[in-house]
Amino acid sequence: MIPPIADSDDPTSQIPWPAARSRQHPQAEPGVNPNPGTPSADSDASDSRRSRAVSPKRQMSTWDLITLSISMAGAQIAWTVELGYGTPFLLGLGLEEHLTSLVWLAGPISGLVAQPVIGALSDASTSKYRRRFWIGVSTIALVVSTFVLAYCVELADFIVDLLAVGAGDWAERRKEIAKNTAIGLAIVSFYVLDFALNGLQASLRNLLLDVTPPSQLSSANAWHGRMTNAGNIVGFGFGYLPLGTLPLIRLIGGTQFRKFCVICIVILLITVWMTCANHHEEERPQSRNRQGSMRDVFVNIYSAIMNLPKPIRRVCYVQICAFMGWFPFLFYSTTYVGQVMAYELNKEPDPELATRKGEFAMLIYSIVGVAAGTILPHLATRDRRLMGAKSDVDEDAEISRLRAMVRDWRIEAARQGKALKLPVMPFLLRNIWTGALLFFSFLTLSTFFITTVFQATIFISLVGICWAVAMWVPFAIIMELLKEPPPPVRAARDNQRPFHTRNISTPSNLYRLPNERQPLVRRRSFDEYEQRADEEILPGKPLAGGTILGIHNLAIVLPQLMVAIATSIIFQIVDGPSSGGSDTYYGKNGVAWALRFGGVCTLLGAMLARRVPPTPTEKAMRRRLGEMKLLGEEANP
């Protein structure tokens, strides 16, 4: 079990190295003995408090990261119940086709409400179960709703018989009421399922934010992305298997859909248990600003939206543009394969064959997503030699440590007769994100040249690379910004840029004497390594992690409503009004234009991604690398 680490009053705002260290002389720090050689009455207590406040959490092993993220696979498998098989199931119950769109409103509605509210409520809690409580509640709701979906016809018959409606099974009135009851149970269950899924995914990401060390946030989010794609593979894979012929599973009885629902329930319970049993939050002291009512919760959510730090706000802007491209792909990719098949055959294809081809393309897409989610995070692997150290209590201590490191490397290189080789800065997260958005735009615009099902399958499969980045990078950026807020703007500017003067007789209280680092700063500008205070620095106060992640989800959900309007207009213009004919795919080209519309939106998102600043960790690493380069250029004494 991962033990709780008391590193700050609010684990969503853990202070990193070197942001945690003072930019001032140690004498200016309250509670610190100005003379290290002279013991003070409160030095031991002060050192103990400081050690608890800044000590990093225990590094997680690969198994820890797997158990932390495996519940995302269980949640995604449950999501495939709705995403892959929901519409055919509802139509099979007798729901009219034009009414299914009302059911799918549950997705954006639940995303707009569930994630921000649950994030705010769990942020306000001080319990060590504040995240796992909502994980448990959401899981129970998921199990109940999925079970009702699996047995809605039998439950409807039981309810009708219990209320003694109709003369008997043979009565038409009784059959009609039973059918409508089954449809009602299914619709309510889908809404509950959507709200529960959003609550579960939000709580799992909040738990990740609480228990993961800042240096491993990128890796943890990458594992979340891998598990999401793995859940897709398992979900679509079970959908293909003839479950009625498998041992034990065939004992469940009923349709393929029912067997699949029961399997999802079992997998979900196992994965959630693995996460909750192996990871737990730190109990926090009572806060004086606890939320007292739901009104306070919504007021705080609104206040958080209005006062989002600029870096996080820019991530949300990018997400709005990115998911304007993602939703057309997620909703219509299988339909696109059918339309391409109709174009290739020059006739209406067999609907079942077209659906299977589309589902196969999505299966390959999920496999590519898992592979990309495993490989791409290595591009952002941080060299620990560029990370901060506990001994970096101020800038002089850090530069002394770096000088000693570079000197050792120079000696070792000279002994081997080689040139000095410094660490390499990894790819910035925003650069990887920008590349994925540009690649997505390129792929969607390539639909102008796709004429065969094989080409369409390759197109859909390659999009899995972009999806792996979408499920990893923006969440990693958000969480690093939440966990590692830099110092307040004024304090950083006042101390990193000392007042320079050439008048030696100037009183000492008007300027600071240069230390050993200042000549290095003047030899080469380090502005590129520093934060631009006017637009990129986060406030120094702690941020409510769950609430911010919920707001980030709003930026993901809102495009779904805009896409629904935009695609309906595109279909109306390209394919014209429905003529009531039997052709579903033949002569249709609206989906291709919807995908191209999404590609243009993601192109705008790629431009906005360039405005997202590097995370505080990346800035600090880049600054240390610049200092190492200057130290490496110094002549040997």
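Just so it is clear, glycine is given a Cβ too, placed from its N, Cα and C backbone atoms.
Not measured: the values here are computed from a predicted model.
Per TrEMBL, region 'Disordered' is recorded for 1-56.
The feature transmembrane segment is assigned by TrEMBL to 62-81 (among others). Residues 2, 135, 142, 146, 149, 193, 197, 200-201, 204, 207-208, 211-212, 216, 219-220, 223-224, 226-232, 234-236, 238-239, 260-261, 264, 267-272, 274-275, 278-279 of the same chain, all 6+ positions outside the transmembrane segment (62-81), place their C-beta atoms under 8 angstroms from a C-beta of that stretch.
Look at TrEMBL and you will find 101-121 (among others) tagged as transmembrane segment.
Per TrEMBL, transmembrane segment is recorded for 133-160 (among others).
The annotation transmembrane segment is assigned in TrEMBL to 233-251 (among others).
What TrEMBL records for 257-276 (among others) is transmembrane segment.
What TrEMBL lists as transmembrane segment is 315-340 (among others).
What TrEMBL lists as transmembrane segment is 360-380 (among others).
Panel annotation: around the transmembrane segment (428-450), residues 218, 318, 322, 325, 329, 336, 340, 376, 379-380, 456, 459, 462-463, 465-466, 469-470, 473-474, 476-477, 480, 592, 595-596, 598-600, 602-603, 605-606, 609-610, 612-615, 618 of the same chain, lying at least six beyond its termini, place a Cβ under 8 Å from a Cβ of the stretch. Residues or ranges marked as transmembrane segment in TrEMBL: 428-450 (among others).
Listed as Cβ neighbours of the transmembrane segment (456-478) (distance under 8 Å, sequence separation of 6 or more from its ends, same chain) are residues 205, 217-218, 221-222, 224-226, 228-229, 311-312, 315, 318-319, 322, 326, 329, 333, 336-337, 340, 357, 360-362, 364-373, 376-377, 429-430, 432-433, 435-437, 439-440, 443, 446-447, 450, 548-549, 552, 612, 615. Marked as transmembrane segment by TrEMBL: 456-478 (among others).
Look at TrEMBL and you will find 551-573 (among others) tagged as transmembrane segment. Residues 107-108, 111-112, 115-116, 198, 202, 301, 304-305, 308, 312, 315-317, 319-320, 323-324, 326-328, 331-332, 474-475, 478, 590, 593-594, 597-598 of the same chain, all 6+ positions outside the transmembrane segment (551-573), place their C-beta atoms under 8 angstroms from a C-beta of that stretch.
For the transmembrane segment (593-613), the list of distant contacts is 311, 314-315, 317-322, 324-329, 332, 336, 430, 433-434, 437-438, 440-445, 447-448, 477, 531-532, 536, 563, 566-567, 570-571, 574, 619: same-chain residues at least six beyond its ends, Cβ to Cβ under 8 Å. Residues or ranges marked as transmembrane segment by TrEMBL: 593-613 (among others).
Remote same-chain residues near the transmembrane segment (101-121) are listed as 86, 90, 95, 134, 187, 190-191, 193-195, 197-199, 201-203, 206, 291, 297-298, 300-301, 304, 544-551, 553-554, 556-558, 560-561 (criterion: CB distance under 8 Å, separation of at least six residues from the stretch ends).
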